[in-house]
Structures are given as structure tokens and as C-alpha cells.
Amino acid sequence: SGKNKNHDFLRKLRVCVATCNRADYSKLAPIMFGIKSHPDEFELEVVVLGSHLIDDYGNTFRMIEQDDFDIGSKLHTIVRGEDEAAMVESVGLALVKLPDVLQRLCPDLLIVHGDRFDALALATAAALMNIRILHLEGGEVSGTIDDSIRHAISKLAHYHACCTRRAEKYLIAMCEDHSRILLAGCPSYDKLLSTHHREDYMDIIKSWLGDKVQEHDYIVALQHPVTTDIQHSIKIYGLMLDALICFNKKTLILFPNIDAGSKEMVRAMRKKGIEQHPNFRAVKHIPFEQFIQLVCHAGCMIGNSSCGVREAGAFGTPVINLGTRQTGRETGENVLHVRDADTYNKIYHALELQFGKRYPCSKIYGDGNAVPRILKFLRTINLDEPLQKTFCFPPVKDSISQDIDHILETQSALSVDLGGTNLRVAIVCMMGKIVKKYTQPNPKTFEARMQLILKMCSEAMLDAVRLNCRILGVGVSTGGRVNAQEGVVLHSTQLIQEWSSVDLRTPISDALHLPVWVDNDGNCAALAERKFGHGRGVENFVTVITGTGIGGGIIHNSELVHGSTFCAAELGHIMVSLDGPECSCGSRGCIEAYASGQALQREAKRLHDEDLLKVEGRDMKLLEPVTAAHLINAAKLGNSKAEAALNKASTALGVGIINILHIVNPSLVILSGVLASYYQAPVQQVITERALFSAQSIKVLTSDLEEPALLGAASLVLDYATRRTY
């Protein structure tokens, strides 16, 4: 890069700034002034192209001359037509003309701004000609085709000066090299924050809007076409004009930019007689400093220009942003979005809400010191560094090459559910459908149990081939506490004997040659809700299983909480009383000892033995074993003893759940298991009566999933085995 390596340190950095339209010039001008004020370090070349040179857009290259910059090249690159094809042809025309200019100027660095099609042409030409590129305003998201163009330019650029913290994070996420990203803030803010206290602002406002206008009593309107939905843009534009005519305030309206659709927008404006209307002033171009004064002192700004979401925030001017052109951008509280601006009423109502308000100034996009930062950054560019840019990719798992059979197969998981009574295996597909299920009684000894698991899994594997399911792995749901990282059952529940310190992962993985995940049934139920049930898209929720025992899982920030010793979410053993009934865990007063199926069955038996399970006019001498269902039934039929027993159980469960709400404060509680539908209303009632005010509104829902344990075990597999990065 250096012509004469020995004198490199004396050599000035040749910087070429290319500007395409009035908007990017407002960001580039402060940098150009900065470079020009250090002639001993930098040489500035200015290239002008795009809509600067078009009469309809106000021949804005004259402002550059007025600012006393020498324009090295003027390139006519716009193909007229204002439709999609014309935009593409304009990119082509620019690509044809730029090589000559860049070869003649031979810059060390080209500075390009933003996300316009002309900027894409500039970046493409410079990248292919081995000229280093500094891209301004990369990493932002607005919500239109501009995003794709902006990110494409970021990929071509060697250096980035971005405006916000989020943009910096996004550039890093897009694999750009951290050391080549400068968080500078927006250069236009350097000018904004230094000039918006001008004394003569009323003269400027009057020169554009007439002598009668007052401060904060006029509107600035600027709406551009959204090129991916031109018809809709034109409709919104018409509705905005109608609302403005009706709102009856002095309005300064700027012509739209050169994107596809702008011709039709100007036509809509003329049809409504805006240019002749006494309330409106329609203009093609306003010098940036004056435009800033107009925005700063306006009663409101309306439209979809990025100026509304960016610059206007610096003054706290109220903004109404119409449609989707800026919805992805970071904004201050001064912006009111009307995303579906599909009726005139909505826009008129937004004007009523915003007009004349004042908001605090926001500094999201800059603090007024962008230019000194950028100049400092330019001084550090080492032209001896290799020009080839390197990307910083995150670690990615080796992908398995695809075979046509893989694609035609349904990606599925093998789920194993180890319950107190039964051992069940199922093939579950990606959508949560159980393709086939196998059930056997759960053997009492460890050896027999392991043998049966492997036998049932092998049988299911054979069926999977026939059913065209590709098994990605095995998920096991089991009672007890589980070290999910190691795939080991640490302590079992009393329901499953010989089931402590058991390594489940190794034998199953060895036999089936598949990855194996293991977790306890409560956590699996929570995972099932997260992937297939009420928990879909909910970041924080708790699942409580009310079956033979009581268990559950806690999802916090979309992840399961396992705890330091895998004992988190042992919800059945939340204690709600200091003494209370004895629990299977050996302690007293746990909610499981009050509200589980076993506890209710115990109560039913006690009442039955004392002959108190009778219901008026019926003889309840039961031949079959007494269960919780009998207790619930007796209560329904008006047996007061049964009602009291159930009431105590519901209160204990409700209080236990309130404890959870007060500790992790989820946005949702999902009850699962056979007793869920019975407990839902009473528990919601207890929460309303006893929880802290802020937690009273949390909803309790009954799970809709038939097989939470099997589905949760499947989700362990489906979520991890199909994840591309670990």
C-alpha cells in the first residue's frame, strides 16, 4: 500500500469520501470538515454521485461546494424511472463508472455511509479494487430491504464506525473483527448538539413557513417509499396527507427520496393540491443546519425518515413514525410508532397525542464527539497490515453431510419414561407427535430394569426405520434427583427401588450408539411445556406436577434451573407447615404430604375406615381400593369432611405455589398431572387471597399435554441434537 515504505510515517493518509444524497452528506460532512482541518495528516478527496446531481432532488451537490470542498469527481449514476429496475440499473451504472475514478484517485481508504443502493455499488467497487473501506452506521436494524444492503456493505468493509452499543454488538455477532469496530456515535450529532442553540432559529423557521408561524406550532413531514411494499407506502402517504390537511397546522413537507415508488408519492401529493394549500410548504431540499433548527423547534415530526428516530431524539421533539421502515431501530421515548398506519383515524389520533409535547433529550445515537473519535481511529490504521479481512466465526459443530434419505426421514427422538408403576418408551417426532408408544410394568430390580429399557429401545429403533423416523438421540425422564450433565440418577424417589447413583447415559449410549440425555420427570414436564405447550415463547414459567407425588420444573430466562446440587425445583418438598403430616422424604409439612395423590388417598382411606366417606342417602361401602377420586367425588356430592380435607390440600398447594411466585416470580404457572384440572381454580383463588399484590395477577393454567414426561424427554433430544452451535 505504501508507495515509498521508508517515508510511510511521513506520508499522509489519502481518504476518499463518497456521498450520494443529502441524507448521507449530513453524516459525512462533519467528518470531511475534521479531515480537512488536519492537512498535515490527511488528504481528502470528495466523490459525488447519486441523487446529489439530479435537478428534481434539488441539485444538492451545491451544498458541498458551498461548504468549500473541492469535488474531485461528479458521477451521474442514477437511471431515472424510480422503480425497482431503475435502482438496480443505477447500481450497475455506478459500478461501470467508479473503477476509473478510484484508479485515478488511488485512495488508502474509502469512507462509505449507510444502506443506500449507491453505497453498495461504492463498497463493491472498492472491495474488488483492494481499497480499504470504513463503513459508517453499520450494524443497525431498521426493518426494510435497507437492512440487507447495510449488512452486505458491513461484510465488504474493513473498518466500522458505528453509532450505538447495540449496533456494535450486532457487528460482532455478524463475525466482524472486534478490533476494527469503533463505537463512535453518529457524526451528525456533533453538529446537532453544537448548533441547535442558535439565536436566529425563529428567522429560519419563518423563512420556510411564513411570518405567522410560532415555535412548537408547526409540523415537519417526511415520508419515503418502502421499496419492498410500494403500494402500501403510497396508501400510507395518502392517509398521512389527509390527516395533516384535517389537523390544520402549518406543515413543512419534504419530497421523498429517490427510491422506487417516489414518483407515485409525488403524484399523490399533487393530486391533493398540497403545493397550493395555504397550510403547506412543499420543498425538495433544506440545508441540514436549517433542517435541524426546524426539527428542533417543531410541534411534531411525522413520517418514516430515520431523522425522526435518530436526530429528533436529541432535541426531544415528538415524532410519529408511520409504517415499518424504522421499526427495528433503537428510539428514545419521543417516538410513537403507528406500525399499521392503515386508517386516517389512527394517524390523526397520533397527531393529537404527540403534537406540542416535549420529551427529554436522548443520547442513544451519540454524544457529540464522534468526529474526534473517528479521526483518532483513522490515525491508527496501519497500511502495512494485510488487506484481506478476516472474520471471527463462533465455534460451529461439524455438520453431517446430508443424504437424500435423511431429508425424507422425520427427525425424531426416543423417549423413555421411568415411572413408579410403568416403564414407557415412545418415538416422538419434531412436531411433538407420538408416533408409537410401548408400555411395560417397571421391574423391581436394577438389572431387570436396565435390561428391559435396552430391549424396549432396541425394538423401537427397528420400528423407527420402518416408520421412516430418524432417531437423533435418547431422552430419559425419571423420578428422583438427576445430574443432567453426567446423565446419572443421584437419589431415587421411594417409588422406584434400587435406583440411586445409577449411570443411565453410558449403557444406553453404548448399546444404541446414540447421544443420551437424562433429567427428572419434573424438569421434563417443564421442557415439554416450553417446546410444545403453554410455555412456548414464555421466558419465565413454572410447571407443577400434581400426580401420585408432587414435582415440577422452573424455566428461568428460557432455560431450566438445575441448581448447584441438582436439587432445584423440588417443588413437592416446599414446606408449608412447621410440623404437619409426615412426608415420604422423611421430613414434615411438605406440600407433597398434603396435596399429592398419595396424600389424598390416605385421607380418603382414613375417612372411609371411620365410615365418614358416606354421602347423604347413599351407601358408600366400597369394595374396590379407596382412591383420591373417591374423596373428590364425595366432596362434590356435599360430604363436608371430604370438602375440608380437599380444602386443606388445595390451600397447602396454593401456599407452596405462592412461595415459588415470591422467589422466582414467573409469568405463568402450569399445573400438570392427574389432579391438575381439580386444583387449578382453588390454587388461583389462594393466590388472589394470599400472594403479594404484584404476584396476584399471575395466571395458573392446566397443561394441555397428554404425555408431558415423554414429550419433555424428547425435547431434550430435539432441542440439542438439532442445534447448530453448542
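Placement of Cβ uses the backbone N, Cα and C atoms for every residue, glycine included.
Note: TrEMBL annotation is automatic and uncurated.
What TrEMBL records for D521 is active site. Residues annotated as Zn(2+) binding site in TrEMBL: H573, C583, C585, C590. Feature annotation from TrEMBL assigns domain 'UDP-N-acetylglucosamine 2-epimerase' to 40-378.
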Taking the Cβ of C585 (Zn(2+) binding site) as the centre, count every other Cβ atom within 10 Å, in any protein chain shown.
16
In the predicted model, what is the mean pLDDT computed over the domain 'UDP-N-acetylglucosamine 2-epimerase' (40-378)?
92
Quick one: Cα separation, C585 (Zn(2+) binding site) versus the residue listed as 'active site', in Å?
17
Name them in sequence order: residues not among H573, C583, C585, C590 whose Cβ is within 8 Å of the mean position of the Cβ atoms defining the Zn(2+) site.
G572, M575, S584, G586, S587, R588, I591, E592, A593
Pairwise Cα distance for the residue listed as 'active site'/H573 (Zn(2+) binding site) [Å, integer]:
15
In sequence order, which same-chain residues at least six apart have a C-beta under 8 angstroms from H573 (Zn(2+) binding site)?
C583, C585, S587, C590, I591, E592
Given the binding-site residues C583, C590, which one's Cβ is surrounded by the fewest other Cβ atoms within 10 Å?
C583
